[in-house]
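Asker: Residues or ranges marked as domain 'Response regulatory' in TrEMBL: B:3-119. The feature 4-aspartylphosphate is assigned by TrEMBL to B:52.
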């Protein structure tokens, strides 16, 4: 790949997805885009770049570069937080309203939202009569389609998913496994770019935003965090990936002690919304 | 060091499993069928059993049933590892006391994930297979 082509693709990806590639990620572009070039019958990356400069294949290129590997109950710890800290708190704080809204901001192919749906089902009667909403959003329409279908290969269902859950929540069809309709109906899908306004999704009690902001530059991260805070309840929870933090970037969120990757809003919107509850409690 | 009994009639599969599990810091004992595996368990119970289903002499299911009847036989974590990928086989295995279930073909990531699932491996344990 020529340096001008690389610079062109870097800028294109930055503008369209926030993906901030450092100067030495040629191999990443080549490994992701060469299969794409082949798929469209092009000879290689230079050919593809020519087409992109002509305005073609931009969504496909962005998709190929931003799709990440995922699996059920990835990293385990966030789901322990969800079961042991987040939901017990939500059950108390929302006892009057009996509803909870959860957003997977990089829902990808569905493993994360469906893992949360399974956690909620495992809580059984505790949530009887509650309205539970899980919103899964992703930049890529292609991965959202896969998420909606909820169909996974034998390989995918063996990474992170306990066998009891596979038996309990999936239906087998040959070598493929489909998550059952009840769990699928718990998850709504929206195509969404985190760089754009997401206020239309409403306000959430819990936001999972894992391993997506790591690709953004600092200003973009700050911008997204501040807008996330405005889309969350004052006493909500934000879950980030293992290698991510808000510390040093924004005071919109504060870390929850002893809970790695778990944060709570800390801002002005939080204060205003929290006031009535404080008054009632007092 | 924890011990894992690898039970499979294919020496190739045993060899692959051995390489993966040794990378996870397990001491490996091999058995080519359920009967040999059961004799090994009567001598000393392993911490873990990676268990094929279809084998000559005694199959993996029969071995599991016999193992769970031994004194202390409820202790070893048993992970099936078989081409039998039907829900009926999986349910039978779990009912008979299997702790986890791998559908072949498998790789290191799957073995690590399943061993973590049953508590045989810490979440942050280094693996170098």
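Using N, Cα and C of the backbone, Cβ positions are placed for all residues, glycine too.
Unlike curated entries, TrEMBL annotations are predicted automatically.
Quick one: where do these features end up spatially?
Answerer: Computed over the domain 'Response regulatory' (B:3-119), the whole-number mean pLDDT of the model equals 96.
DSSP assigns residue B:52 (4-aspartylphosphate) to coil in the three-state reduction, placing it in neither a helix nor a strand. All protein chains included, residue B:52 (4-aspartylphosphate) registers 27 other Cβ atoms within 10 Å of its own Cβ.
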